[in-house]
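As structure tokens, the structure follows; a few thoughts come after it.
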Amino acid sequence: MTAILERRESENLWGRFCNWITSTENRLYIGWFGVLMIPTLLTATSVFIIAFIAAPPVDIDGIREPVSGSLLYGNNIISGAIIPTSAAIGLHFYPIWEAASVDEWLYNGGPYELIVLHFLLGVACYMGREWELSFRLGMRPWIAVAYSAPVAAATAVFLIYPIGQGSFSDGMPLGISGTFNFMIVFQAEHNILMHPFHMLGVAGVFGGSLFSAMHGSLVTSSLIRETTENESANEGYRFGQEEETYNIVAAHGYFGRLIFQYASFNNSRSLHFFLAAWPVVGIWFTALGISTMAFNLNGFNFNQSVVDSQGRVINTWADIINRANLGMEVMHERNAHNFPLDLAAIEAPATNG
């Protein structure tokens, strides 16, 4: 009898826990994805803060030349970064217990791998939590679908690209100037500016900014007057009110006359779908582009593609970009190799005598 009562009590405790986890009445929804999201994101955030402040220099290139990234080792907010895991580690799983000591783990950039893997798990669970909350509230699932774009982008630069290049040392550093360095080296090695998927991503981000500004300014300019001149126009809206707060017909008429009739949406639902879909699809393509360039399927190469009747090269903008790429490639990891791959692949000219 005692055993039965204990089992019922434990089942009741588990049931209450399940109800609490999945309750939409909590101030912040947890959900089953949140059970994994909370510890992973807390771990990633805590280690990032500690490492950004105090981590010792990391031998990123695996050539016994440590690079300092933390504030206590001479950096500021702009130059500081979590330095990627050493090329000596490659793609090996490198938790603390795999190193001979904590000093060795820090020297080889163990915190970067710890942060990145926990962060990617955390943001993936955040996306799942968005879907889970939408499901429990009877909403459609498109919030999580939209969030999949930045998740895909983060996964591309922190996981897919290192896998394709064979080492976590090629991942994006976790810092401002480190991100810029990653972008410059990526251009030098993969010619990303000439990749059509990157072009679609630029159109997505810049176009999304333009459409967001256009939509916001049109709505703000066609608000239905509910206030006097001495009050803020924002006071004319009450949360949850049934009537429209702006005149979509006026906005449609204005924009249709500014450009042409069919450039303006006359359906609020299709308009907002477009505003969401445009940047999301663009960022999807960018993430896909990073993932293909990870395996060296690079941007277009139009170098020396125009010649005159005598066979002499007429430089185009592609040749100017190529020269810049070579310059950037020569400068990065300058002590890890003598020549960039593009130059090393060219046969040395024959000499007489």
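Positions of Cβ are set from backbone N, Cα and C atoms, glycine also.
Swiss-Prot lists His215, His272 with the feature Fe cation binding site, giving sequence analysis as the kind of evidence. Annotated phosphothreonine per Swiss-Prot: Thr2, in sequence order. Residues or ranges marked as N-acetylthreonine in Swiss-Prot (evidence: sequence analysis): Thr2. Residues or ranges marked as site 'Tyrosine radical intermediate' in Swiss-Prot (evidence: sequence analysis): Tyr161. For His190, the entry in Swiss-Prot reads site 'Stabilizes free radical intermediate'. Here Swiss-Prot flags 29-46, 118-133, 142-156, 197-218, 274-288 as transmembrane segment.
The recorded stretches the transmembrane segment (274-288) and the transmembrane segment (142-156) share 3+ CB pairs below 8 A when only pairs 6 or more apart in sequence are counted, and are therefore in contact. Here the recorded positions are His190, His215, His272, and the one with the most other Cβ atoms within 10 Å of its Cβ is His190. Counting in whole angstrom, His190 (site 'Stabilizes free radical intermediate') lies 36 from His215 (Fe cation binding site) by their C-alpha atoms. Most Cβ pairs under 8 A with the transmembrane segment (118-133) among the ranges 29-46, 142-156, 197-218 are made by 29-46. The Cβ of Tyr161 (site 'Tyrosine radical intermediate') lies under 8 Å from the Cβ of Asp170, Gly171, Met172, Ile290, Ser291, Met293, Ala294, each on the same chain and at least six residues away in sequence.
Sequence-remote contacts of a segment are chain residues at least 6 beyond its ends whose Cβ falls under 8 Å from one of its Cβ atoms, and for the transmembrane segment (142-156) they are 119-120, 123-124, 126-128, 130-131, 134, 276, 279-281, 283-284, 286-288, 290-291, 294.
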